[in-house]
Each structure stands twice: as structure tokens, then as C-alpha cells.
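Peer 1: I'd like to ask some things about the structure below.
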Amino acid sequence: MRMKKENTHQDKTSPFPDLEQRILDFWKKQRIFERVNAQTDRPQFVFFEGPPTANAGPGLHHVIARVFKDVVCRYKTLQGYNVLRKAGWDTHGLPVELQIEKEIKTKTKADIEQFGIAAFNAKCKQSVWRFKQEWDKFTERIGYWLDLEHPYITYDASYMESLWWILKKAWDKGLLQQDYKVVPYCTRCGTVLSSHEVAQGYEDAQEESVYVKFKVADSKHPDTYFMVWTTTPWTLPGNVALAVHPDIAYVWLKQKNSGSTPLTTGGSTPLTTDGTTYIIAKDRIQVLQDEYEIIRESRGSDLVGMRYEPMFPYIKNANPKNIENAFQVLPASFATATEGTGIVHTAVMYGIDDYDLGKRYALPEYHTVDAQGNFISDVALWANQPAKKSDPAIRQWLKDNGVLYKTETITHTYPFCWRCHEPLLYYAHQSWFIRMSVLKDRLIQNNELIHWVPEHLKQGRFGEWLKDVKDWAISRERYWGTPLPIWVCDRNPTHKLAIGSLQDLSRNAYQPNTYVLIRHGESRSNVEKYLAPWPEKENMVSILTKKGIQEVRLLAESMRDTHIDMIISSDLARTRQTAEILHKQFPNAELLYDERLREINCGIYAYQPESEYDAFYHATKTESLDALFSKKPENGESLSDVQIRMLAVVREYDAKYHGKTIAIISHGDPLWLLESKLVTHSLSQTWQIDGFALAGMKKFTSPNFPYNDQGEVDLHRPFVDAVVCACPVCGALMHRVTDVIDCWFDSGAMPFAQFHFPFEQIELGQDPNMLVVSGAEPVAYAKLMGNKLPFPAQYISEAIDQTRGWFYTLLAISTLLDVGPAFLNVISMGHVMDEHGEKMSKSKGNIINPWKIFNTYGADALRWYFYTLNDPGEYKRFSEKDMKGRAHQDLMTILNVLKFWQTYAPQKVDMAKAQATEVMDQWMNARMALLSTTVKNHMDAYRVYEASRALQEFIDDLSRWYIRRSRRRFQKPENADELMNVSAFCARMMLDFVIMFSPFVPFLAEHIWQEIRRRLQDQNQIPESVHMASWPALMKSGAEPPENINGSAPILDHMKIIRALAERILALRAKAVIKVRQPLGVVEIAQKQALSEELCAILADEVNVKTIRFVNRISEKSSCVVDSQGDSAIGLDTEITEQLKQEGIVRELVRTVQEGRQAMGLLPQDTITLYYDALGAFAFLKQYVELLKKETKAREVIFEKHQVAYETEMADGKEKLWIGINK
């Protein structure tokens, strides 16, 4: 066949990016998510969002985390739940601080403090929102439905107050303690790290280890040395002991060579042995590499107590406490014969085992390295030099001084700071710890209640972590974080106070002041209803009326039993008069005037009617309270401005005085706004409280709260550092410790802090500290949680690294609070790698920009790719080519099914006609029922991969079998009823399918839903959005009773047989080199199970044979090709009669004409005029005119050449048939 004219243009651009944008617009316009989220009458499904930090943009790895969250949340919505989808932002910690340090070019904590803690933290706070818009846009673009309008934010005062409450609970239980122990320490960041932070930063490092000689200090053993191996030469100046295992065999030996052979495995040249005696573990002699003579054998216990000469003099010269116990051999189980020499160098300040040994034997504790990681001045050779970086210089010194035996290059896993990537030191340091080791058994018990995907994590990576759980180093010597709420007595540092709330701060205030807020009496402006601010206007000065003077006198008289130390008044006339009257009642009180207490500055409304000012404030009823409090008239100030200046007065006098009673005389609105600050009302609460009556008085104790420069309660440093408390033991002043807490505690506490628990759940005035553990009784707050707090999460999901991050801290904090696990089901994803299995990084140039994928293939394609690629826990080798070839093609297949339906279905489809009248429909009913059950079972068990693969298999069944076998009913229906029936059935089937499909590919599912919905006669019979639908119930197949609709349903089994037979028959055609378009006569099938006529008709049509014949034995005709498999055999008669040949040519002609129609861009309903020259071998075609008209939508068939819009040829042997088409 040869084409003469052809439209060869093919649009290779994916339709999904534009399609998805239209769906996003639809969701926004119709507020679909908001309406779904508002279905609060449904049972709740609790999902916790792990909070990202918005100080950097999202990447490809964030796609997989977010879409695995979304798929379950969408599924649960379809199951009838109201899903908690609260967004969150992680805002504290080293990641943020380090970014700001780079920007302001600070290198040390001293630099930060010189810059100013307040200024530094302000920059940190600002920075965490740099990429918020990008994150929001990213979240929206991938179809992750999340309540971004009401997120929890870890730097919010309410959030931090909940953290304080939890820490107070830990304190009350004796779990929060200060201790001095060896901890992972980052000298660059100047702070301790927790074990779960360290777990995130291990890297392989290559280093030069050393074998060194410690000389025995005993004249009976001259020239005798303990052979010691260490990977940390920088710790040798801090050596105070050697450790041996008491039960290991050690040998004393001399090497026979006299220095002729250098001993080295690491590339450097050692000193020669010269007949020296060495003590080494018997099983470690192989490290010597030369001939030796064993002269003695001892048990480790025999070596205990032997003294040796210190290698460096620094600790001995410093003469610290317990120096007399240093420089001896001690027993220790951690000394083994599996590596090194079996003798361990012990520097108690730089190793966990070393420190424990030092405590046991009262060894001196003396740092040779400071908190910046530099040697102290006492270490004269390397004073003020970075200790870790001094290893090469120390090795050289060891060699020069005859104590280096050899070096050895090793590669080992070493901890680096998870944020700045500097190597960590194990460093003795005073820190605060939560004693998680005490909770180990309960952690393990709670883990048993969690369903893990992949399952092996439960007892594997996560379970093993819990078995070896370490105490949580909770404190950080940093700035931008939740302050540790511990106050220490100035007089006696052993007196400590844990604060669990703002209420606690006020309750423990150090001699707080009492403020008596008084409004002036009635004045001229009150009577005449005008505004009288500063400056006072001549002829309109508002002074007290006679009534006002009398009101104030009566007030003063009522206060005669009150002690007033100070009177501070606004300097306007009416408040001055009020102050003077009161001062006569309290002549010993100091009287001061303060312009910050003046009436509100109403700008252009000064001395204008009050009604005009009120109209300005209430011009728009839809304004938020935030907007109202920020609103200011021209040349005036806002309500927030007034609050700030009024509060500044109180803060100033709180800083100057303690235990005073201070009267503040001011005006109505300023006093109303001050009251809201003193009682920490929210804006909505402020709007509800009553204002001050004329000559009204209210009394308040000064709140012991930290305020920032904007007058907001702010628990951050440095504001909280200025808050003092009274020691509950001795009454002295207490100041807060300077530490902040591990930012992982912030995120781990989100189940509670995101809802300001327990403060938002208790009754007004109830003390949150009364929610305590009572012996073995259940905790009272557990009951409160059950009623008012969404807990625990029924689902969470993050990447595999969070097993030692967020997953752990969630469990740690809920276990600490005795409320069981914080989550019940978790999917942990493997990391996304490049197509070669390499980690993606900028330096390798293999970073994939997710927006490029969205804009090229759409977000659905990427979502579907991640679901169907492999099990969630496995690493994802991302290949754009693979995604396009597999995931994108699946979606195109479904889209093409929709287009097929749109092409042939009536413009308005009556869903009442959706009856399963044909066997293919009955099979599809059973197939859909099986799919519904299968996907539901998998999703209920959080098997997302298996559910997606079941959907993927169905897509193949739908397109390659159901639609293909149903084409005739769409394209050439017997009548309009048949077309309506199949169209309605297919519509119903597609609607049910896209409901199941929608959690995975929400955009395409919505598009299909909308396209079908608009073609229904009654659009209101289905919800407006697929995401408002309910999971499809099992459907009766029309062929079997409902109880048979499962994997063994007869119609499903029979159809599998038909498809398997078809595959085998088509293979026989291929073997015989006969095209499928060429009809054949007979297929014989020899098998035990016969099939119905309807199914046989489907098989015959599929393989294009006239007759399907079931036989006991395949005939032995020479034209028969046979396939035998087990107890089944198929015989295909390949004889092509003249009649069959003609039918084959007709089919080929129809196919060629259909290609022509497609090339011309014709619609199925368009008719054509068909031309061909039926001569020679093609003359028989005149017999098939009516068939050709029907099959090609031809008005007429003309047997001659003609000027046409489209022409082509087809051949039969040497003869060719010209074909032409006109519309």
C-alpha cells in the first residue's frame, strides 16, 4: 500500500499539564477541597503531616512523600471519613540558624551574640517563610490536599507553650535531668546533638590510625611498653588510663629483628623495634608483621593496676582532682581482641565507655580541648589549634619522640554534624537529657501496636533502634529554638523550677507588681461626643465635668483601704485632674505623668464627632480582626500601636520595681487594649471583653510574660531570658538556663502542640498542671485527649531516614506522656535516586527539577510512576524515560478510552439504561466488583503498591479487552437502544473506576468524571466532583449471584480461559505467517471444559475464525497447525479458501479506508464517497458494495478513478488497487 496524500502531523505534547491546570481552576472556583474538608459530621480519620521547613524549596524527593500521604487521605475520604489534613511548618533549629550565619557572615556563637540574639532570631523567623509560596504552589500542583490556611507553626507561642507543658511532665516524672556525660558535640555549631540527629549524619571517612607505645613505669620491667591502637590521635594528650579485658590472654614479647625491616601498613615509616618488649593481646599479635619471641603470657586481670608513664605531661602538670588515680591499667569489658591490640587508650572526656570507666574508678576529669574544638593553652605544642585537624602534627610528634610504632590507613563510619557536616567530637559536657532508657520497655511495647510498611522496619531498623535507645540529649546551646523551661536559683543552683505554661510563669513571678487601671471621670468630650486626643485644642480641651469630678472622688473614697505606691497618669487635662484627686487620697504615692498613656491618636478625626471615627473603623464589615487592629487613620495610630505603647509602660515599671501597687490612669480604649495584654487575650477575646466605664477601675497582677518589641508574648530568646521567677524553696531570684531544645522535639510533639494541648481543651480557669499521672491510674489528660484531641494518628508517612527522626520522636513523646503510640499505621518510603542508583546532588548534576516533569508530563504521571514502580520501602531509581514509557502511557490509555466513549456515545446518556445485556458487560461487572474489593483490601492494609498494580491490570483489561471487544456496539450498533445501553453501561463503569482511581491520579480522574457528567441526562444524579463521591459498592454481575463475585467467579474464570486460548491461537497464526485480518475457517479445541456459545463467539471474533469446534482429538489435516499444552490442545486450520481470501481483502480494504478517514480528520458520523478501480483480482469487490458502505460510512461506492481529496493503494500480489476518498 502506498499513500499519495497524507496528514503526517502528530502532536507529541502530553495533554496532561493543561488538563491538570483546568482541574486546579475547577477545584478553586467550586471550592471542592474546602467543601470536602467541611464534612465534620463524618467519622474522623486522623492524619499527621510531618512538618517541612520552608527555608529551602521542595525537590523531587518531596513529591513521593507528599503523594503517598495524599493517596491514603483521599481514599479514606471516599470511604466516608472526614480526614484531618492540617498543614504544618517546622521553623526552629540548626538548619535555619546556619543559613542565617552564612548570610550575616558569623563564624562563632560569640559573633552571633555580638550581632544580637534578638536581631539574629528575627532573621531566622523571617527566613523560614522565604519559600512558603513555592511550597504552597508545589503542594497544590501535585494535588496534595492540605489545609494550608490553618497550619501549625512551631515558633508560635501557643505551640511552644504546649512543648513546655510536655517538658514539665517529663520533669515531674523525673525523666528530665541535667547530667555531665560524654555526648556527640559539634564544635562548629557549639552544641550537643541527640543520638537520632547523629544517626542522620554518618559518613565513611578514611583516616590514619596509630599504634603507639606507653612505657611501663616499673624498674622491674625496663624498656617495656603497652602497645595501644587509636583512631583519634588528638585524644592522646587527654589520656588518663589504659583498659584491658580481665579475661583475655595478653603476651609479653620481643621482636627478633633489630630495625632492619620497617613495620607499616599505612604508607608511613615506623620506628624500628630494637628488641623492645611489648604487651599486646595474644589474639592480636598479627599486627606486628615480623618474627617475635613470646617471653611471657598473662591474663588481663594480672595487668590491672600496673602503672605507666604519661605520654604527655599536660594533665599531670594541671594536677586536677583524682590525679593520683591516673596513668594505670584498668579492667574493662569494652577492651576486646577483635581489633587493635586489645589494650584501649582511655581519655575519659572524649569517649562514652571511657567516661563510664573514669566514673567507676574516680579518674581525673580534665578537658584538654575546649568547647570550640581547640586545644587549651595548657597543651603547649598545639595550643588554640583545632584538635581534630591536628592529627597529622600529633602523628609527626609521636614519630619524632619514639613512641609511634606504626600507622595504618582505615576506612570507618564516622559521625558528622547532620547540618553543617563538620566531624563531631565525643565530648564530656553538661547537658539536659530525657531519660528515654527508662522508657525502653514501653517504647518497644508501643511499637508492637504500630503497623509498619514495609513490615521489616518494625523489628528491624526501627525496632533495633528502640532496643538500644539512648537518653535524649535535649538541650542545645543555641538561639533559634524553643527555650528549655528550667529556671535555676541565683542563691542555690540546686534549686530548680520547671515551667509548664505562661500561667506557671505568672504564678512563680518574683514579687510581681499589682496594677490598678483607672479611667478618668466624665469629661466634656464624653458629653459632647467628640474625640479629644493630644495635642489638646484651645477651646476644646476636655476637662472633667462636675459629674466627672464627683465620680472620681467617690472612686478615691472607695479605694481608701487600698495601698498605692505610685500613680502614673496620661498627661491630658481630664486624666491629670483624675490623678490629682486620687493623689489627695494617697499623698505618699509618687505621682508621674507619661505621654504613652494618652488617648488614642485618631489623626484626621481629632476633635471630630465620634461617629465619624466609628464609621472609619467599621466601613467594611468583612475585615478580619488582624486588619482592624492594624488599621490606622491618616496621621493616626492603630489599635496595635496603642497596645504596644501601653504595654511598654507596664514592662518598664516591672523591670524597675517588684511588689509595688501602681495606679495607671488613662482613657477608655487604651485601657481596654492594655487589659487584653495583661490577661493575654486573643484578638477575638479582646473584641468581646467589656471596656472601662467612666471612673471605672480594674485590678491586675502583672503577668510575668516575655514580650517582644511589638508587645507580643514571645517565648524565644532573648525575651524569655529576661523573665525571672521566685525560688519556691528560698524565695530568691531565679533565672532561666540559656539552652534551647532539640528542634526534633518540636516536630515530635506536633500531635499535641498543633492544637495547643491541653490549654485549648481544658475549661476556662482550669490549671493545666492538674492534668497529672496519679500512681498506676490512667493519666487524666488521656481522658481529655479522647474527647477533644484527634489522637493517635491513624496514618503518617515519610522517608526511611525518619525512622530515626520524626517517627522516633513522635513515639518517644507519646510514650513519655503514657498515651500509647502517636501513630498506628506508617508507610516509610525509600529514597529517590537517579536512574543509575546514585544519590541525587547538585555536584553530580543529576538533580531532577519536579516542575520540569509537571510541565512536560503532568503531576498525575509522576504520582502514578511512584505508586506503581515498586514497593514503597525500596529505593526509587527515577528514570524519565521509564516514567514516560510506563506511567504516562497508562494514563494516555485511560484518556483514550474516554475519548472513544465521547466519540460514539449519544450527546445525552440515560444512566437508567446501564444494563449488563451482553456477556462482555457481565464480565466487566464481575471484574469491577473484584477490583473494588481488591483495591479496598490493599488500601485498608496500606498496601499502596499492590492497589496501584491492581488498577494497572484493570486498565489493560479495560482497553485491550472490554473496549476492543465492544467496539462494534459503539461504532455499528444495531439500533439507538443498543448504543444507549452500551454507552450508559460504559459510563457507569468508568465512573466507578475513576472513583477508585482518583486517590492515585486525582486530576485525570476528575477530568473523566466531569466529561462524563456533562453528557448525562441528569447531571445531579452523581456528585459534583469525583472526590465527593463514595467508594463503589460491589455490583451484581447479571450472570452470577453476588456471593460468587470474587476471584473464582465463573465468568471471570471463563474469560481468562478465552483470553488464554486467544493468545495461543494468535501465536499459531503468527507461526503460520497469517495476518489476523485474514479470516480462517476452523479452530479445534481439545480440553475438558467447554465454553458457552457467547464466549465462543467472542473468541472466534478475536482470532478471526469462522468456527470454534470443541473436539476430543485434533484432526490430522496437513493444513492444521497445533499447540499442545498439558491436557489442552488447539488446532488451527490454515487453509485459505477463495471465499476466505476475498473476505480478507475486503477487511484490508476497510482498514485502508478507515486510515484514510483518520488522515482526513473525519468524524465517525461523517459520510464519504468511495472510489476504486475494481479490475482484475479485485473485480469481486463489486459483490461487497453494501458491506463496504456500512463499514466505511460511504454514501456511495463508484468503480472508477476520480479527482479526490485523499488517495492511496493496496496490493494483492502483483496487482494493485487504487482507492480514493471524498467527503
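Using the three backbone atoms N, Cα and C, a Cβ is placed for every residue, glycine included.
Given the structure is predicted, the values throughout are model-derived calculations rather than measurements.
Per TrEMBL, the features are:
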- Arg519, His520, Gly521, Glu522, Ser523, Arg524, Ser525, Asn526, Arg574: substrate binding site (BINDING)
- 23-492: domain 'Aminoacyl-tRNA synthetase class Ia' (DOMAIN)
- 734-869: domain 'Aminoacyl-tRNA synthetase class Ia' (DOMAIN)
- 921-1082: domain 'Methionyl/Valyl/Leucyl/Isoleucyl-tRNA synthetase anticodon-binding' (DOMAIN)
Peer 1: Within the chain of Ser523 (substrate binding site), which residues six or more apart in sequence place their C-beta under 8 angstroms from its C-beta?
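Peer 2: Expected: Ala532, Ser542, Ile543, Leu544, Thr545, Gly548, Arg574.
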Peer 1: Would you list the DSSP helix, strand and coil counts for the residues of the domain 'Aminoacyl-tRNA synthetase class Ia' (734-869)?
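Peer 2: Helix/strand/coil tally for the domain 'Aminoacyl-tRNA synthetase class Ia' (734-869): 57 helix, 22 strand, 57 coil.
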Peer 1: Since the record lists Arg519, Gly521, Ser525, Arg574 as binding-site residues, which of them has the fewest other Cβ atoms within 10 Å of its Cβ?
Peer 2: Ser525
Peer 1: Other residues near the substrate site, CB within 8 A of the CB centroid of Arg519, His520, Gly521, Glu522, Ser523, Arg524, Ser525, Asn526, Arg574?
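Peer 2: Not counting the recorded site residues, we get Ser542, Ile543, Leu544, Thr545, Gly548, Leu694.
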Peer 1: Mean pLDDT for the domain 'Aminoacyl-tRNA synthetase class Ia' (734-869), as a whole number?
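Peer 2: Looking only at the domain 'Aminoacyl-tRNA synthetase class Ia' (734-869), pLDDT averages out to 85.
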Peer 1: Measure between the Cα atoms of every pair in Arg519, His520, Gly521, Glu522, Ser523, Arg524, Ser525, Asn526, Arg574, the residues the record assigns to substrate, and report the largest value in Å, rounded to a whole number.
Peer 2: 14
